[in-house]
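Going by TrEMBL, these are the annotated features:
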- 1-108: domain 'NADH:ubiquinone oxidoreductase chain 4 N-terminal' (DOMAIN)
- 112-395: domain 'NADH:quinone oxidoreductase/Mrp antiporter transmembrane' (DOMAIN)
- 21-41: transmembrane segment (TRANSMEM)
- 61-80: transmembrane segment (TRANSMEM)
- 92-110: transmembrane segment (TRANSMEM)
- 116-137: transmembrane segment (TRANSMEM)
- 149-169: transmembrane segment (TRANSMEM)
- 189-211: transmembrane segment (TRANSMEM)
- 218-239: transmembrane segment (TRANSMEM)
- 251-271: transmembrane segment (TRANSMEM)
- 278-297: transmembrane segment (TRANSMEM)
- 303-324: transmembrane segment (TRANSMEM)
- 387-406: transmembrane segment (TRANSMEM)
- 427-447: transmembrane segment (TRANSMEM)
Amino acid sequence: MLKILIPTMMLIPSAALMKKNTLHPLMLTYSTILATLSLQWLKPPMTLIKHSNPYLSVDQISAPLLTLSYWLLPIAILSSQNHLKYSTQTQTRMFFMCLTTLQMLLTLSLSSTNIILFFIMFEATLIPTMIIITRWGSQKERLTAGMYFMFYTLISSMPLLIALLMMNYQMDNLNTMLTPMTTYKPNTIMWLACTMAFMVKMPLYGLHLWLPKAHVEAPIAGSMILAAILLKLGGYGMMRISPMLCLTKTLYYPFIIMALWGMIMTSLICLRQPDLKSLIAYSSVSHMGLVITATMIQTPSSLSGAMILMVAHGITSSMLFCLANMMYERTHTRTLAMMQGIQTTLPLVTAFWLIANLTNMAIPPTINLMGEITITTTMFNWSPPTLILTGSAATITAIYSMYMFSAIQQGKTQKDMMISPPQTREYLVLTLHTMPMILLMVNPQIITLS
């Protein structure tokens, strides 16, 4: 654990002290080495918990998310290259420092065994993310997006802090992330306090208003990390803390109802969405609704499905944001109607759009489908009528995915559009998203919890 964590920490001073002309290549090289090293966490004997010290450990819940976060770091650096072209040297260094600080905090929050350490790191990810959104966003609305993001997170995290401090007070052992509580008496208010913070982070429909704003205004690296990892912190927290607070099933009902209803509502919003990045953000809310229901039911197969879907959605949504950014850099608009006819000018990019859209709508044999089917069958066993809602959401997802693809690719190109050909760097970014998708189709066992 430490052989990856310490080099990650050292990336922060490296970003500040490297020579001007070697900054980009060296940051990219170091983060790629770290991404390669992180793959060792996915080694098959995942049943054993890999302790590095009493406060940090990697087990089968945190390993897939940790590896995903490290895999996306070099991709985020690579895809931001065009965005940073007009920035000064100091701004570029600050951007890299924010990215690497965020990576370090994510690593610590996903691998901590101590509840309070988890909470501190979970909340600390807010700071670099907010700096990235408010400083490197594209429009002046980025400040509003940053405020939404900050207030939603802070208001929900205050009850979580009080609940965790009370839990620590009532228990003998602080390192309780890995073992269910025995000395702790279940408490409804405590459970609600813990759950609401994670529901805002996921986000649950109704608490999701910060997400489309943050995604639309964030630069490409911010969007990628927000969609791929930060949303998954909510699911990870639920998986960790729910077994500790064993409670009656009746408390889960409102959350499951909101999540299932939200899946259909956000999918319908996607059908009427003119803004490309906003459409992808709302589709994230829809997919995370399934993860919320799975983490609420708390059966082994539902948790396994939730983990598969979180990793699958992390890769897919990140790839969609990369493609949306490629379109934005060429057309300078996010409106779907203005991007028509890309198929004739950029045929290879169209192929990547097709792959991303098909995985987003969970076509066989993708891992998105595996995750969705696992959760849907578990939901059906739990309560048969839920099949109507999950089935409807899956159908509408397929419809808006096809709508998004046809709206961008087909039709006539705008007359005044000068579309430059894609660079090798951009193809590399898209290939690095496609590779793990294909490899996980071949061997999905490494990210399941069974």
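In case you wondered, yes, glycine gets a Cβ from its N, Cα and C as well.
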Is it true that the transmembrane segment (116-137) and the transmembrane segment (427-447) have 3 or more Cβ pairs under 8 Å, skipping pairs fewer than 6 apart in sequence? no
I'd like the per-state residue tally for the domain 'NADH:ubiquinone oxidoreductase chain 4 N-terminal' (1-108) from DSSP, helix first, then strand, then coil. 77 helix, 7 strand, 24 coil
Same-chain residues near the transmembrane segment (21-41), Cβ under 8 Å, at least 6 residues beyond its ends: 3-4, 7-8, 11, 14-15, 50, 58, 63, 66-67, 70-71, 73-74, 77-78, 81, 89, 92-93, 96, 100
Contact check, the transmembrane segment (61-80) vs the transmembrane segment (427-447), 3+ Cβ pairs under 8 Å, seq sep 6+: yes
Segment confidence, the domain 'NADH:ubiquinone oxidoreductase chain 4 N-terminal' (1-108), expressed as mean pLDDT: 90
What else in the chain is close to the transmembrane segment (387-406), if you only count residues 6 or more beyond its ends and a Cβ gap under 8 Å? 260-261, 263-264, 267-268, 270-271, 276, 279, 283, 286, 289-290, 336, 353-354, 357-358, 360-362, 372, 375-376, 379-380
At an 8 Å Cβ cut-off, counting only pairs 6 or more apart in sequence, do the transmembrane segment (218-239) and the transmembrane segment (303-324) clear the bar of 3 or more pairs? yes
Candidates 251-271, 278-297, 427-447; stretch with most C-beta pairs under 8 Å toward the transmembrane segment (303-324): 278-297
